[in-house]
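Listed in Swiss-Prot:
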ACT_SITE  His701  active site, proton donor
BINDING   Lys18, Asn116, Arg521, Cys522, Trp567  5-methyltetrahydropteroyltri-L-glutamate binding site
BINDING   Ile437, Gly438, Ser439, Asp605  L-homocysteine binding site
BINDING   Ile437, Gly438, Ser439, Glu490, Asp605  L-methionine binding site
BINDING   His647, Cys649, Glu671, Cys733  Zn(2+) 1 binding site
BINDING   His658, Asp662  Zn(2+) 2 binding site
Amino acid sequence: MASHVVGYPRMGPKRELKFALESFWDGKSSAEDLKKVAADLRSSIWKQMADAGIKYIPSNTFAYYDQVLDTTAMLGAVPARYGFNGGEIGFDLYFSMARGNASLPAMEMTKWFDTNYHYIVPELGPEVKFAYSSHKAVDEYKEAKALGVDTVPVLVGPVSYLLLSKAAKGVEKSFPLLSLLPKILPVYKEVIAELKAAGASTIQFDEPTLVMDLESHQLKAFTDAYADLESTLSGLNVLVETYFADLTPEAYKTLVSLNGVTAFGFDLVRGTKTLDLIKSGFPSGKYLFAGVVDGRNIWANDLAASLATLQSLESIVGKDKLVVSTSCSLLHTAVDLVNETKLDDEIKSWLAFAAQKVLEVNALAKALAGQKDEAFFSANAAALASRKSSPRVTNEAVQKAAAGLKGSDHRRATTVSARLDAQQKKLNLPVLPTTTIGSFPQTVELRRVRREYKAKKISEEEYVKAIKEEISKVVKLQEELDIDVLVHGEPERNDMVEYFGEQLSGFAFTVNGWVQSYGSRCVKPPIIYGDVSRPKAMTVFWSSLAQSMTSRPMKGMLTGPVTILNWSFVRNDQPRHETCYQIALAIEDEAEDLEKAGINVIQIDEAALREGLPLRKSGHGFYLQWAVHSFRITNVGIQDTTQIHTHMCYSNFNDIIHSIIDMDADVITIENSRSDEKLLSVFREGVKYGAGIGPGVYDIHSPRIPPTEELADRIRKMLAVLESNVLWVNPDCGLKTRKYNEVNPALSNMVYAAKPI
């Protein structure tokens with residue numbers, strides 16, 4: 001019985017690639033040094049899979065930055081601004097496209113489906129000259145072969161590549177990207193021919209866009225593309241892999257009818273309906289790669305349940321045509337549980353990171369072949385039983401409180417305009433009030449203090465003194481700049497989710513559970529393993545301390561429940577919305593305690609609300625309903641005179657504007673500096689959004705200091721769309737990643753720009 005892994009994390013068990021990349025970018029090491037680290041990582045991954053008995057081992061899933069950018073390099077689809085004149089694409093050009101350079105901006109980056117990974121978006125148009133310009137797929141296949149490992153080269157499929165692209169600057173937005181299919185297929189043919197010549201017997205095409213809402217002409221593009229590739233692919237085993245959701249019946253029919261394709265891969269963890277499609281008909285003689293091991297979470301697989309699913313599929317496709325696989329690439333999970341020395345043993349027994357998932361895939365394949373490892377299966381069953389019955393997972397009081405939420409709307413009793421009137425009487429703010437989003441620069445010294453306190457190298461007294469001084473500095477600075485609503489700067493927080501998770505019960509934290517977000521940047525999501533509750537106040541001490549330093553309003557700063565949920569590894573033994581409601585109740589307790597402590601403005605950030613949107617429209621309604629409801633729960637008991645702010649971090653609101661209004665916040669600040677007036681008109685078109693709105697007036701992601709006149713001009717443009725009594729003036733995001741010598745003049749210019757208007 002055969003086994004397969006869709007893809008594997010690239011960073012290394014201790015983020016070796018991250019450190020090698022950053023050292024190279026900083027000019028501290030050579031290209032050869034970087035290549036050596038990368039080659040060592042690849043060979044250890046291939047060896048690990050070979051040792052685990054995996055039959056179909058992927059190659060070319062490694063990337064120095066991103067697999068879509070690798071495909072752009074393979075196709076020579078370099079945007080004109082980089083002055084590419086052909087030849088093999090090297091590090092300089094590759095990293096310029098990814099990160100920009102001194103004189104040229106980077107290509108755009110956006111989220112990879114609904115994961116927390118980001119890819120570099122190809123910029124295409126009718127003028128692009130496609131040519132085979134990176135031989136990486138073939139080189140890596142040969143590299144593995146030289147190590148004695150026969151791999152399956154993985155390519156981003158041609159249709160998904162185009163569907164994930166955008167029209168380049170200067171090209172009509174409506175340019176039909178799929179019209180470029182005849183231009184890119186010749187390059188794919190060259191790559192396939194080279195792989196064949198190098199000895200490859202199986203090739204994997206990732207076509208994840210098949211799980212999206214597709215129109216008939218888009219589905220036809222898949223049929224056309226693989227019909228065109230058919231003769232080049234003859235003699236090869238060809239796998240088309242899909243993941244992240246189930247397929248519509250039309251997409252399923254298109255996929256299993258593709259010419260020249262011998263195997264189809266499905267995500268059977270998130271794609272629950274796909275199972276029914278397979279059962280209703282699967283082409284005879286073709287292989288089914290069954291993704292039963294979850295590539296997107298960190299929980300141990302329920303091996304007995306997976307085995308039952310696989311056995312039911314075996315009777316449909318035949319014993320020799322079924323391959324056990326992961327639901328998607330393991331890129332989206334942590335690397336290896338072995339490196340978690342501080343994690344509690346009981347919780348650890350419930351988990352499986354990428355290295356453990358490879359073993360699960362192999363164990364399932366062996367069990368199907370009649371060589372079941374009884375000890376492995378019974379250890380798994382024992383871990384699952386312990387997780388089900390552990391008193392650490394269940395909290396009766398939380399269950400009861402969450403159950404009590406059903407059937408109620410949880411909305412503040414009065415309208416937003418009545419509340420704003422009450423708040424204005426209390427806060428007495430000027431027209432065009434100024435504020436910031438929350439965090440201030442985190443200096444090396446500040447990080448050192450936090451690190452030493454965590455490692456118990458300094459006393460609590462020393463820690464509190466240092467943080468207090470930092471808050472005092474930030475408050476004083478804002479008063480000098482004449483900002484109207486202040487923040488305490490969040491010097492005590494390392495991360496907006498981790499800070500709260502560490503103080504809530506039901507959360508666990510890893511030491512090395514890093515997952516790639518983009519390039520060398522990794523995130524370490526908390527693990528929500530049990531019912532969530534708040535043992536004691538989390539932010540009240542620091543916020544009231546900050547308020548005692550000024551007569552101006554001080555914002556309390558909380559992270560919203562949907563963002564905490566979407567940026568964590570979430571328990572899979574109850575629906576996501578139930579976990580979200582539990583977090584909402586904990587944040588509600590905190591908001592009410594802040595209000596009691598005299599904090600009159602409370603910001604509840606929902607930076608990641610949009611990130612949780614299901615991939616297909618059919619799932620949007622239910623998600624938005626419970627996400628918005630969760631936000632409203634957090635402040636339902638707050639008095640009219642207390643102002644609730646929220647902050648959101650993306651520019652595409654058109655399709656969810658009604659849900660944002662339904663959140664019923666008093667003031668909403670948004671990351672708008674890049675998308676400008678488009679977004680503002682959304683708030684006005686047909687929707688009289690009565691609340692305050694603070695579209696970011698400058699982009700904090702850039703070190704550039706915007707001149708006063710430019711900011712004033714931007715504010716005037718905003719006033720052409722929004723009334724002056726609702727407009728707030730603020731940067732577009734927190735200032736944590738900037739330096740004080742950038743922040744001070746930028747905020748000063750912002751306040752000056754708002755005053756005369």
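Even glycines carry a Cβ here, placed using N, Cα and C.
Counting every protein chain shown, the number of other Cβ atoms lying within 10 Å of the Cβ of Cys522 (5-methyltetrahydropteroyltri-L-glutamate binding site) is 17. When every Cα pair among Ile437, Gly438, Ser439, Glu490, Asp605 is compared, the largest distance found for this L-methionine site is 13 Å. Among the binding-site residues Glu490, Asp605, Asp662, Glu671, the residue whose Cβ has the fewest other Cβ atoms within 10 Å is Asp662. Candidates Lys18, Asn116, Glu490, Glu671, Cys733 (binding-site residues) were compared with Gly438 (L-homocysteine binding site); those inside 10 Å Cα-Cα are Glu490, Cys733. Distance between Cα atoms for Cys649 (Zn(2+) 1 binding site) and Asp605 (L-homocysteine binding site): 9 Å, as a whole number. Each of the recorded positions Lys18, His647, His658, His701 was scored by the other Cβ atoms within 10 Å of its Cβ; the lowest score goes to His658.
Ranked by CA distance from His701 (active site, proton donor), the binding-site residues Glu490, Arg521, Cys522 have Arg521 at the top as the closest. Sequence-distant neighbours of Ser439 (L-homocysteine binding site) (same chain, six or more apart, CB under 8 Å from its CB) are Val487, Gly489, Glu490, Arg493, Gly734, Leu735, Lys736, listed in sequence order.
Here His647 (Zn(2+) 1 binding site) is positioned 15 angstrom away from Asp662 (Zn(2+) 2 binding site), judged by their C-alpha atoms.
Take the mean position of the Cβ atoms of Ile437, Gly438, Ser439, Glu490, Asp605, the recorded L-methionine site; other residues of that chain with a Cβ within 8 Å of it are Thr436, Val487, Met496, Met557, Gln603, His647, Gly734, Lys736. The CA atom of Glu671 (Zn(2+) 1 binding site) is located 10 Å away from the CA atom of Ile437 (L-homocysteine binding site).
Ranking the binding-site residues Asn116, Arg521 by other CB atoms within 10 A of the CB puts Arg521 at the bottom. Around Ile437 (L-homocysteine binding site), the same-chain residues at least 6 positions away in sequence with a Cβ under 8 Å from its Cβ are Val487, Gln603, His647, Thr669, Asn730, Pro731, Asp732, Cys733, Gly734, Leu735. In this structure, the CA atom of Asp605 (L-homocysteine binding site) is 13 Å away from the CA atom of Trp567 (5-methyltetrahydropteroyltri-L-glutamate binding site).
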